[in-house]
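TrEMBL annotations:
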DOMAIN    8-453  domain 'Major facilitator superfamily (MFS) profile'
TRANSMEM  44-63  transmembrane segment
TRANSMEM  75-97  transmembrane segment
TRANSMEM  103-122  transmembrane segment
TRANSMEM  134-156  transmembrane segment
TRANSMEM  162-182  transmembrane segment
TRANSMEM  194-213  transmembrane segment
TRANSMEM  225-243  transmembrane segment
TRANSMEM  264-288  transmembrane segment
TRANSMEM  300-321  transmembrane segment
TRANSMEM  328-346  transmembrane segment
TRANSMEM  352-372  transmembrane segment
TRANSMEM  429-449  transmembrane segment
Amino acid sequence: MSGRAWGVLAVLCGAIFLEGIDVAMLNVALPSIRAELGLSTGMLSGVVSAYVLGYGGFVLLGGRAADLLGRRRMFLFWLTVFLVFSGLGGFATTGWMLLTARFVTGVAAAFLAPAGLSLITTNFAEGQVRDKALLFYAGVAAGGFSLGMVVGGLLTAFGWRWVFFVPVLVSAVLLLAAIALVRDSGVPERVRGGFDLLGALSVTGAMLLLVYGVVRLEHPGDGPALTAAAFAAGVALLGLFVANERRTATPLVRLGILRSAPLVRTNLVAVLFIGSFMGFQFLATLYFQELRGWSTVQTGLAMAVMGLDALLAPLLTPWLVRKFGNVRVVFGGVVLAALAYALFLPTDLDRAYIAMLPTMLLLAVAFALVYGPLTIAGTDDIATEEHGLAGGLLYTAIQFGAALGISVVTAVNVAAVDAGKFGMDGLRTALVVPVVAAVLAGVIAATGLRRGAIAETGELPELARA
């Protein structure tokens, strides 16, 4: 690749890294935020959920907007919005100010992520060059999730507001570089007959309600009727969206894209794998900080090993994919994740960190093996003009997985405590959830295994073809 191509890739990787590290840093800073702003448990949960609602509710629309309105235009505009509202979060003096800032930041990320992914798939030629770029991109994204715990712990030691101010500085640098380097590879898709406004409103409303329902699962005893109503309304709006897409001349989403078995398989694996990882990360944070009494810095350093995936993804994964095929690599990574979670189950309050290290190392390898190939598969065999939509579908799956993973482990933990399992016993019950989710992801990934998955040409096989 040319020097300019590397520059473009660096900018796009920086943006996705920023999204990952932004979420992880906030999780570590929550106790400090709660102490200074005097937030209730419900408001503290709302601060986390607001980002998920914004992201999960708008990411599908964000993917289509990139195709229709221009990928570069969407990337630059929403990176600016991300910068502004991240800064506003740092100046928050009340819970509602912070919650609003996090919601809009989530919306910005929902438009930014699919635009960035489609800029890669349209700026780099299909084949080894694009696959190399995507694996590098995915590795950096995974590193953001993992390293965010460490960086968040260090920044919180100077004050939780730096968790919001540092992303502002990084965003400003990325924005200037993007203006100079990033170009659209073509013109936006032309829309005849007008924009599908009903489709946009119905699918966005459906995603918001469904994600809201998932988030409410964290508190199973708190208004179950409202949770059920949110799911019911979300499903109803989704039905309206599908009916509208079938009859409109200018659909927001071409429903035929959902007939692709590899695409569906990729997104299901993404939901379960990301859900298991985020659920485990949440429980591990509770274990280290609340049960063991470790500081935010100690917690971040304990989980820093998982940041090795940022190195392994671009160095190890391409070689493995060439040798064994994309599906086998994904399957192997999911199996390693299930093993890692299972090894953590016997952990107690007296266990030495060295005994927990294998789990952290295995998760680093697992994330490196799975995240990149899934990113490639998310747009494989999809027409170029629909890469933004395909990216939106993938990031919808990832965000739903994150919300579902955290909500389910929280609900199981609460149920275990209500049943008389306190402390480590309750946490251990919830730790079964990531194991089950990873096993299910492995079963789904295995359906794509078949002979002849390794391309004879030596090029990187892709999940849909493997």
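Here the Cβ of each residue, glycine as well, is placed from N, Cα and C on the backbone.
Curation plays no part in TrEMBL annotations; they are all automatic predictions.
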Count the Cβ pairs between the transmembrane segment (194-213) and the transmembrane segment (44-63) that lie under 8 angstroms and are 6 or more residues apart in sequence, then report whether there are at least 3. yes
Do at least three CB pairs under 8 A connect the transmembrane segment (162-182) and the transmembrane segment (264-288), leaving out pairs fewer than 6 apart in sequence? no
Take the transmembrane segment (352-372) and find every residue of the same chain, 6 or more past its ends, with a Cβ under 8 Å from one of its Cβ atoms. 134-135, 137-139, 141-142, 145-146, 269, 273, 277, 280, 302-303, 305-309, 312-313, 316-317, 320, 329-330, 332-334, 336-337, 339-341, 343-344
Do the transmembrane segment (44-63) and the transmembrane segment (300-321) share at least 3 Cβ pairs under 8 Å, sequence separation 6 or more? no
For the transmembrane segment (300-321), which recorded stretch in the set 134-156, 162-182, 429-449 gives the largest number of Cβ pairs separated by under 8 Å? 134-156
Take every residue in the domain 'Major facilitator superfamily (MFS) profile' (8-453), average their pLDDT values, and give the whole-number result. 85
